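Participant: Please find one structure pasted underneath; my questions will follow.
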């Protein structure tokens with residue numbers, strides 16, 4: 001049975017996942033576990049080098065250079081230790097994504113639109129990570145120079161599980177947890193991995209069933225069936241759409257969250273079921289927990 005093709009986000013990330021990203025995440029897991037077992041002290045730097053290599057492989061040398069340049073500019077601006085300058089720098093860097101001449105030049109780097117969009121999404125998410133680091137530097141830079149060095153910024157920005165689509169984890173949480181050397185247990189890690197894979201596979205199957213059987217987004221893209229539907233049917237469609245959105249992000253955030261756990265880090269909580277919420281105040285706080293913590297911080 002053909003699937004509903006109208007949900008761009010799901011189709012896009014599933015296609016990239018099958019082609020390359022899942023394999024690169026598996027490579028990250030391997031590097032992480034080997035470094036935790038053999039050289040736990042140097043784990044952040046091993047993961048940083050792997051993240052840079054994965055970025056280079058997927059986005060090319062020019063895409064890698066763009067992200068590195070954004071990080072370098074953000075770090076240079078952070079030296080002034082003015083939060084307002086940091087925010088201004090972030091807005092300017094984000095605005096460069098919408099300059100027609102720059103867009104056209106970047107499109108020429110890639111063979112198709114999907115590859116260009118991957119760069120666009122990745123740079124947008126990296127801007128949030130650069131902002132988090134820069135603000136922490138503004139607040140704590142002079143007293144904690146060793147933990148707010150450019151090397152630590154690169155380890156944070158090029159951390160691969162959260163590289164393309166998040167979830168967002170604040171730099172202060174990331175650096176504290178990365179420095180904590182926990183006792184490595186193969187048995188514990190293996191059980192976390194197996195349970196995590198089973199859960200994510202279940203969520204993925206559920207999302208695929210919804211997108212192959214319900215055609216929620218296709219119905220929303222056409223005015224005719226909506227005009228003839230009753231209010232109850234429209235309410236049901238709206239509920240189905242937000243439930244699919246919830247299941248989709250259980251998968252999209254569940255995979256990086258599992259890898260964060262395997263790296264000895266505590267990931268942001270996964271989205272809370274939308275059926276349990278009665279107000280958008282709670283929805284905002286408990287759906288994208290990483291983004292909420294970033295804004296509160």
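For all residues, glycine too, the Cβ spot is worked out from N, Cα and C.
Unlike curated entries, TrEMBL annotations are predicted automatically.
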Participant: Which is it, of 231-252, 253-274, that TrEMBL names as transmembrane segment?
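Facilitator: When 231-252, 253-274 are checked in TrEMBL, transmembrane segment belongs to 231-252.
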Participant: Between 116-135, 276-295, which stretch does TrEMBL give the note transmembrane segment?
Facilitator: 116-135
Participant: Count the Cβ pairs between the transmembrane segment (46-69) and the transmembrane segment (20-39) that lie under 8 angstroms and are 6 or more residues apart in sequence, then report whether there are at least 3.
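Facilitator: Answer yes: the transmembrane segment (46-69) meets the transmembrane segment (20-39) with 3 or more Cβ pairs below 8 Å.
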